[in-house]
Amino acid sequence: VSLKDISQSHKSLIMRPDDANIVGNVHGGTILKMIEEARCIIGTRHCNTQTGDRCVAALARVERTDFLHPMFIGEVAHVSAEITYTSKHSVEVQVNVLSENIVTGAKKLTNKATLWYVPFSLQNVAKIVEVPPIEYSSPEQEEAGKKRYEAQKLERLETKERNGEIIMSVSLPEPYTVAFSQSSLIHLIGPSDCTLHGFVHGGVTMKLMDEVAGIVAARHCKTNIVTASVDAINFHRKIKKGCVITISGRMTFTSNKSMEIEVFVDADPLVEAEKGKYRAVTAFFTYISLDKDNKPHPVPPLKLEGEEEQKRFEEGKARYLQNKAKRLADKERQQ
């Protein structure tokens with residue numbers, strides 16, 4: 001088996017009614033789960049090409065993920081993954097998702113994602129094993145990968161400072177406020193959610209996060225909504241089988257056509273209750289509102305209450321403007 005075969009992976013799945021919302025748009029969480037499963041194959045396969053401890057690649061972070069085009073029931077999703085950078089203890093995997101209309105043969109690029117993994121020993125889950133290096137086509141490619149690695153490492157450290165925040169429930173809130181649309185979902189991590197080593201699949205967590213973010217968006221605008229993008233998803237701590245997880249979402253920012261929802265995942269280890277609850281995953285999801293013809297529909301403005309909500313709104317606005325500028329720059333480069 002060649003190094004190129006080991007560092008690449010391909011997967012195809014037909015989209016079924018259970019994968020989509022009531023109007024036929026495939027859930028963003030379904031696509032995120034497929035992306036994570038593709039990387040699980042390639043990451044774990046690569047990290048076991050060397051002698052020593054057998055290991056499994058655990059998801060540590062998902063970079064911003066844009067949903068470029070909607071996918072529908074009956075279409076085939078083609079997921080391809082490739083390892084693009086390795087450090088001593090982490091692997092960067094880049095994933096592309098194509099949708100294929102099997103009647104017309106038309107194909108569209110729907111998603112591009114970058115994920116980071118850390119390999120843990122199967123003999124000792126507290127032990128992080130070293131990653132076999134990959135071959136780069138040029139020194140410039142390796143240097144670009146190193147810069148991405150350092151940037152995501154710094155941002156992961158910064159997000160840990162926010163991990164003390166808790167979303168509080170409020171009774172009888174006013175419509176279009178943060179409290180009105182904020183939502184939570186509680187899920188018991190069972191065997192089917194986990195790897196053979198007893199830790200939850202990152203894709204399972206991301207799908208639940210997308211569901212909660214979708215509920216928040218739908219409550220706010222009362223229309224059909226779809227995932228537009230996902231900012232970096234940070235996996236701070238592993239979640240074991242038997243944990244009860246609470247996925248909480250709150251609206252942080254609205255523009256005329258989009259909504260940003262912050263999502264937290266808190267884990268409560270029932271068997272090891274003395275360890276207490278902990279913040280496991282955090283992310284920002286962006287949704288857009290659609291009318292009956294699947295065209296963008298105006299989003300009601302978010303009513304802010306208090307300095308904290310105003311601060312989060314301004315931070316969300318800054319992310320929105322930064323991402324908008326990046327999209328325009330990317331579009332100019334492609335012309």
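Note that Cβ sites are derived from N, Cα and C of the backbone, with glycine treated the same way.
Per TrEMBL, the features are as follows:
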type     : residues : note
ACT_SITE : N21      : active site
ACT_SITE : D210     : active site
DOMAIN   : 5-123    : domain 'HotDog ACOT-type'
DOMAIN   : 179-293  : domain 'HotDog ACOT-type'
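Around the Cβ of N21 (active site), the same chain contributes H27, G214, N224, V226, each under 8 angstroms and 6 or more positions distant in sequence. Taken together, the residues of the domain 'HotDog ACOT-type' (5-123) have an average pLDDT of 90.
For the domain 'HotDog ACOT-type' (179-293), residue counts in helix, strand and coil come to 29 helix, 57 strand, 29 coil, using DSSP. Under DSSP, the residues of the domain 'HotDog ACOT-type' (5-123) split into helix, strand and coil as follows: 25 helix, 58 strand, 36 coil. Using a 10 Å Cβ-Cβ cutoff, D210 (active site) registers 26 neighbours.
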